[in-house]
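Trainee: As annotated by TrEMBL, active site, nucleophile applies to Ser478. Residues or ranges marked as active site, proton acceptor by TrEMBL: Asp611. The domain 'PNPLA' annotation in TrEMBL covers 440-624. What TrEMBL lists as repeat 'ANK' is 150-182, 218-250, 315-347, 348-380. Among the features that TrEMBL reports, motif 'GXGXXG' is placed at 444-449. As annotated by TrEMBL, motif 'GXSXG' applies to 476-480.
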Amino acid sequence: IRNMVSIFEKLNDFIADPYAVKEFRNGNDYQRSNIVESFDLLAMHKLNGYYDVIMFTPHKHQIYFRLVHLPQTREKEAQRVWSAYKDRLLPILKSSQDCFTTAILSSITTIIRRNDIRSPAHIAVEVGLVDAFKGTRSLAPWLDSQSCENHSTPLHLACEMKQPATVVNLVSAGAVLTKVDDYGNTAFHIALAKNSEEILTTLCKADSGKAINIINKDGVAPLHQACKDNNVNLCKILLDNNANPFLQGKIGLPIHYALKYKSIKITELLLDQCPVLVHHVCAKHGALPLHWCKGTEEIKLLLTHETPVNVASHGGQHPLHVMVERGRLEAAMLLITAHADVCSRGQNGNSALHFAVLDDNVILVKMLLLFGANSLVKNDFGETPGLLAMRSAKPNKETIVDMFSCIGGLLPYSPVKHMDTVDGVSFNQPNARTDQLKVLCLDGGGIRGLVMTHILMVLERETGRKCRDMFDWISGTSTGGILAIALALGRSAVEAQRLYFRFKDEVFVGSRPYSSEPMEVFLKKEFGEDTTMEILKDGPKLLITAALADRKPVHLHLFRNYDLTDQISSDTKANGLQLEGESSLKQLLWKAARSSGAAPTYFRPMGSYLDGGLVSNNPTLDTLTEIHKYNKEVVRRGLGDYRKVGLVLSLGTGQVPTTRARSLDLNWSRNPISLMNTALAGSELVQMVVDVACQTSGYVVERAKAWCETMGADYFRLNPSMEQDIQLNETNNEVLLNLLWDTQVYLHDNKHLIDKIVALL
């Protein structure tokens with residue numbers, strides 16, 4: 001039996017793992033007589049044909065651990081392991097009491113045997129000995145050791161393994177934060193990669209401002225990495241601890257990385273701390289942050305920080321060129337409404353229109369043409385956008401060529417000048433009618449006011465003058481009132497058109513009824529918070545209509561940039577009800593615009609005022625009446641002669657398609673079906689009353705035309721038909737661009753009218 005037990009033990013020793021850690025409560029078998037070598041807490045014994053490496057604890061009640069049990073036939077292996085344990089295990093044993101367990105010792109010894117690179121400090125980190133670097137110096141020689149894969153330090157490894165407590169102890173022990181691994185990464189880079197706010201905060205507190213801004217071999221500093229990862233919290237920690245927002249990485253500054261990877265909140269955070277970042281270019285392209293934007297949200301953010309919009313990159317590209325090349329319609333439109341130059345030339349002398357044609361992008365070509373892009377500008381190869389379109393072999397060639405034909409973009413453009421006759425109307429004496437008044441009347445119609453801006457763009461292009469210099473009187477209702485003020489301030493029709501697109505983006509937010517505050521903020525920003533009518537008194541006479549709704553019946557009120565007829569209109573101050581302000585000249589511009597545009601169900605009233613469209617949606621007749629009163633007062637006071645009206649140009653916002661109305665039979669029968677029909681008829685009747693009150697065409701136009709004929713004045717009504725009924729609060733850019741294009745087609749088809757108007761102007 002004894003022999004069998006002995007054989008079994010030997011067989012078990014042969015099969016068992018010779019490196020399995022075994023705990024003993026006494027070490028009686030290991031005497032000095034069988035010791036081969038000893039060092040501090042370690043000893044190697046030769047016992048019963050085996051080499052055993054023994055470790056004992058430094059406690060009063062010692063515990064023994066057998067770390068190695070190798071047969072004498074493997075003497076070289078035993079010596080090699082002994083040497084490794086003596087050099088790398090012993091410092092760890094002295095660093096922490098936590099390692100005196102079978103599990104921890106097994107982990108440590110396994111790492112030592114399988115990895116002959118890692119230092120004791122690295123091993124202590126790997127097995128999770130948190131206190132190994134606290135209050136002891138046994139691992140001090142290896143505190144910044146890079147004896148590890150990728151030449152990582154123990155601090156790198158602690159960050160990699162997300163051990164915040166170990167990081168605290170390493171930093172407290174004096175670990176160097178500026179050490180980098182084979183990839184140039186500091187502990188900061190590793191902490192960011194592991195998304196550890198706790199570790200990053202610890203590192204930041206210990207850093208003097210050097211390690212936090214080290215750039216790795218990928219050209220990325222920690223702040224760049226946080227921007228790439230779209231990690232707002234980590235980015236904030238870095239910025240609060242001396243991370244440099246002006247540090248150039250491989251592609252650029254942190255803000256360029258944030259925009260490239262669509263980190264909107266980080267971009268906002270960077271700009272809040274350093275608004276001047278909008279002016280700094282990237283290292284890769286010499287491009288502004290605006291060049292790197294991928295959507296409208298980022299662009300709006302940069303625009304609020306007054307970013308330049310017409311600065312070229314090193315390659316000559318403007319932000320608008322980039323958006324057009326990438327096919328970003330909304331972004332391109334936003335830049336244009338922020339005064340981006342649609343005619344600027346970029347790489348190889350190409351304009352945005354060249355790029356749109358090259359990309360065969362119909363909607364972008366349409367948009368650029370509508371915003372005044374020069375279709376005849378040549379690139380460095382002598383090619384115009386129209387020529388590129390004609391040479392194209394892409395699917396949309398015919399559509400784009402037709403678009404250029406519609407605006408005369410295939411042949412050199414020659415404005416109408418020095419004409420003697422147009423369609424039988426004689427203009428042999430261009431100055432013969434300069435003593436007669438030229439009047440511009442602008443309808444209400446919400447966002448459809450874009451139609452009027454486009455018509456005026458064509459007139460300004462043909463005459464080479466702004467509307468302020470072409471007309472003696474300008475009147476407007478609601479949206480037309482806003483446009484009238486913009487024109488009176490000296491803005492071009494192109495600028496006014498961009499104003500409309502900004503308006504719908506900033507004001508038509510949410511659902512009806514809209515908050516009045518965004519509209520008021522917008523109008524103050526555009527026209528000035530303290531600017532009054534007085535600033536316009538030397539320009540054309542200005543009339544803005546509004547409805548005084550604090551009395552019955554509702555009265556028409558006219559905001560003016562002159563005082564001469566204020567007393568004439570005093571009859572509107574009925575029943576002790578007074579108008580706001582002592583004088584028309586004291587009226588704030590933004591309040592006049594806000595009052596005229598206070599459309600019911602869209603915006604709240606402006607004090608006593610409602611939308612002027614309720615009483616004068618087409619202000620032509622009211623304008624002619626006011627001119628007559630003004631002339632009479634001028635003559636009565638001896639201030640001048642009665643000036644006749646020579647030209648009246650009335651612009652509409654698009655003719656709504658005619659549709660069939662429901663029955664208006666209001667039958668008060670008790671029959672449920674009849675009652676339902678009555679309800680529908682009532683709704684139809686209400687809509688009909690609103691339509692009649694806000695009528696701008698039909699009999700309203702006929703009356704104005706007849707009045708002008710009796711005065712001997714030329715009357716022109718330009719109001720293109722719409723294929724569909726576009727809502728007053730439409731915000732879809734493609735819908736609005738198509739509306740403008742329909743207007744362009746209308747003007748092309750009625751060029752004879754434009755020629756007549758231009759000649760008279």
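The backbone N, Cα and C atoms fix where each Cβ goes, glycine too.
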Trainee: How many Å lie between the Cα of the residue listed as 'active site, nucleophile' and the Cα of Asp611 (active site, proton acceptor)?
Mentor: 6
Trainee: The residue listed as 'active site, nucleophile' has how many other Cβ neighbours within 10 Å of its own Cβ?
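Mentor: For the residue listed as 'active site, nucleophile', the count of other Cβ atoms within 10 Å is 33.
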Trainee: Averaging the per-residue pLDDT over the repeat 'ANK' (150-182), what integer do you get?
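Mentor: It averages 95.
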Trainee: Quick one: give me the count of other CB atoms within 10 A of the CB of Asp611 (active site, proton acceptor).
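Mentor: Step by step: centre on the Cβ of Asp611 (active site, proton acceptor), count other Cβ atoms within 10 Å, giving 30.
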Trainee: In terms of DSSP three-state secondary structure, what is the assignment for the residue listed as 'active site, nucleophile'?
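Mentor: Going by the DSSP assignment, the residue listed as 'active site, nucleophile' belongs to neither helix nor strand, so it counts as coil.
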Trainee: When DSSP states are grouped into helix, strand and coil, how many residues of the repeat 'ANK' (348-380) land in each?
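Mentor: The counts are 18 helix, 1 strand, 14 coil.
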